[in-house]
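Data block below; observations after.
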Amino acid sequence: MNNVRNLLTGSLVYIACIVLLSLACNVSSGLPVADVIGQWLYFDKSALVVAGCLLMAGLMMEKRYFLFIPVSWVLVMLGGIEAVWGLRQLYGYAVSNHSLYVLTGSFFNPGPYSGYLAMILPVCLHQWLTKRGEILCSDRNDGKGWKKVMDKVGAMVAGGVMLLILCVLPAGMSRSAWLAAGVSCLCVYAWHMDWTDKFRLLWQQQRQRVVMVVVGGFCVLLLAGYLLFVLKPDSARGRLFMWKITCRAIAEKPLTGYGIHNFAAAYGNAQETYFAAGDYEPWEERVAGSPEYAFNEYLQAAVELGIPLAVCLLVVVVLCLYRGVRKGRYGICGAILSLMIFSFSSYPLQLPVFIVTFGGLLVACLSGADRWQWLGLAVSVGIIGGFRLKNDLQVEQACREWMNARVLYSAGAYQSAEKEYGRLYPLLRDRASFLFEYGHGLHKQQQFGKSNRILKEALQRSCDPMILNVIGKNYQQMGDCLSAEDWFIRSTHRLPGRIYPYYLLAKLYAEPGFRQPDKFEKMKRMVLTKEPKVHSTAIRQMREEIKKIQLIFVHIKKDE
């Protein structure tokens with residue numbers, strides 16, 4: 001009877017871990033591309049199932065049962081699924097989730113996918129090393145029976161998944177994931193081999209040789225860093241520039257931050273101020289963009305939460321990591337370390353799958369086998385899921401209706417689309433793309449005042465200069481050319497590499513009631529001579545129209 005109860009308890013815990021952590025494999029159709037509401041809704045529902053499973057497991061539990069074991073094996077299983085998914089995409093047996101990339105797994109692009117595999121790789125290594133050690137110990141003791149068989153199966157599964165991940169990871173071309181995987185696996189191996197004590201002994205006996213090895217290793221790291229930089233230099237420069245602007249935004253509000261989900265607005269204003277000063281390098285203009293994230297979770301946390309709170313959260317994570325290492329939970333700690341390294345140059349914690357998995361890893365790092373801990377965890381997970389469920393159900397339904405309304409918007413049926421956008425506005429007012437479409441549709445219907453009100457809300461959620469352009473066009477249509485000029489100039493400062501705002505300024509300076517020949521000439525030169533990132537039909541048409549306007553100016557001067 002006790003064996004049945006223990007088996008049932010273990011099964012419930014594994015079911016809970018599978019249901020919650022398989023968030024990565026959840027792909028929702030009929031929702032906006034890259035929108036995460038589908039995954040959050042899955043989490044809400046699964047949290048209630050998980051709470052029930054953990055509650056029953058806690059009540060039936062008789063022997064000590066640790067959470068880190070099922071979490072580790074479920075992550076190994078999910079890593080295998082994702083690796084096979086990626087291999088099928090590489091060989092053309094499955095379709096990726098992004099038109100520009102062949103390899104995405106169940107994610108939207110290769111970056112987060114590679115980071116997810118890099119997070120699971122040290123878990124696989126730890127499980128393989130552990131099972132291999134148990135097999136060797138069993139062989140020495142002439143061990144027999146199902147325990148030895150299970151150890152061999154576990155070693156084969158962990159080793160097989162590790163090899164699958166190593167086959168797929170290079171194809172993702174994510175340098176951040178490579179670095180995270182390499183460092184975390186090295187740490188897991190060092191923890192297993194007890195390198196700390198060995199290094200201390202070696203330092204006492206052969207100090208000079210240790211110094212030479214450390215210096216040589218540092219040189220190798222510098223060379224590796226240089227090679228990673230030249231692999232995709234513009235991408236690396238783009239990250240460095242983003243971090244530079246993010247630091248300038250942090251300097252404006254270092255203590256309190258700008259608030260959750262306000263990174264884009266803070267970044268846009270900081271970049272606009274930087275380029276407006278005019279003291280920048282040409283390459284900075286080339287690599288500048290309008291990112292949604294900082295591509296550095298530590299800097300993004302400092303922008304949104306302020307430095308003190310961000311540091312406090314980091315200290316909590318480091319303490320959890322230290323505690324996990326002391327308890328010997330090397331695989332879980334390796335996964336946390338990998339995610340922390342990946343977070344230096346990516347945006348994993350903006351995606352539900354990483355947030356939920358990270359939370360699960362921290363809990364697995366700290367949790368014991370006490371019945372009350374299991375019951376407390378069950379109640380906590382249930383409260384979180386239940387608290388979020390109602391609102392996320394409404395938002396998810398609103399997003400599906402938005403996709404239907406977007407068909408009308410894309411077809412140019414702005415009046416019909418406006419009714420739908422107005423109805424959905426209370427639920428989707430925190431989505432920049434929704435607000436832009438709503439405001440742009442109002443602009444097309446010549447409701448310029450209302451359009452500006454909606455677009456200025458969008459500016460609080462996005463740093464896209466196109467919002468500034470449409471606001472400026474609204475003011476121009478309302479006859480307020482001075483305000484229109486200000487908004488167009490702001491757009492040129494926010495992203496000076498774009499030709500479109502210079503084109504709008506040139507047309508503004510050619511307006512009969514606001515004609516300014518000198519400024520027109522300056523903007524005309526910018527439109528005709530500025531090198532675009534990508535040549536397109538739109539660029540050619542803008543240049544042709546500016547040349548026609550120039551001819552009109554010439555005729556006007558002749559008449560005068």
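Note: Cβ is positioned from N, Cα and C throughout, glycine not excepted.
Quick look at what TrEMBL lists:
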- 161-314: domain 'O-antigen ligase-related' (DOMAIN)
- 40-59: transmembrane segment (TRANSMEM)
- 66-87: transmembrane segment (TRANSMEM)
- 107-129: transmembrane segment (TRANSMEM)
- 149-171: transmembrane segment (TRANSMEM)
- 177-195: transmembrane segment (TRANSMEM)
- 210-231: transmembrane segment (TRANSMEM)
- 298-322: transmembrane segment (TRANSMEM)
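Within its own chain, the transmembrane segment (40-59) is flanked in space by residues 9, 12-13, 15-16, 19-20, 23, 26, 28, 65, 352, 356, 371-372, 374-375, 377-379, 381-382, 384-386, 388-389, 392-393, 396, which lie at least six positions past its ends and keep a Cβ under 8 Å from the stretch.
Long-range Cβ contacts of the transmembrane segment (107-129) within its own chain (Cβ-Cβ under 8 Å, at least 6 residues beyond either end) map to 24, 33-34, 72-73, 75-76, 78-79, 82-83, 86, 97-98, 101, 154-155, 157-159, 161-162, 165-166, 168-169, 172-174, 176-178, 180-181, 184-185, 187-189, 192, 330-332, 334-335, 337-339, 342, 346-348, 351, 353-354, 357. Sequence-distant neighbours of the transmembrane segment (66-87) (same chain, 6+ residues past either end, Cβ-Cβ under 8 Å): 10, 13-14, 16-18, 21-22, 24-25, 94, 103-106, 113, 116-117, 119-121, 123-124, 126-127, 154, 157-158, 160-161, 164-165, 167-168, 171-172, 329, 331-332, 335, 357, 360-361, 363-365, 367-369, 377. A mean pLDDT of 86 is what the model gives for the domain 'O-antigen ligase-related' (161-314).
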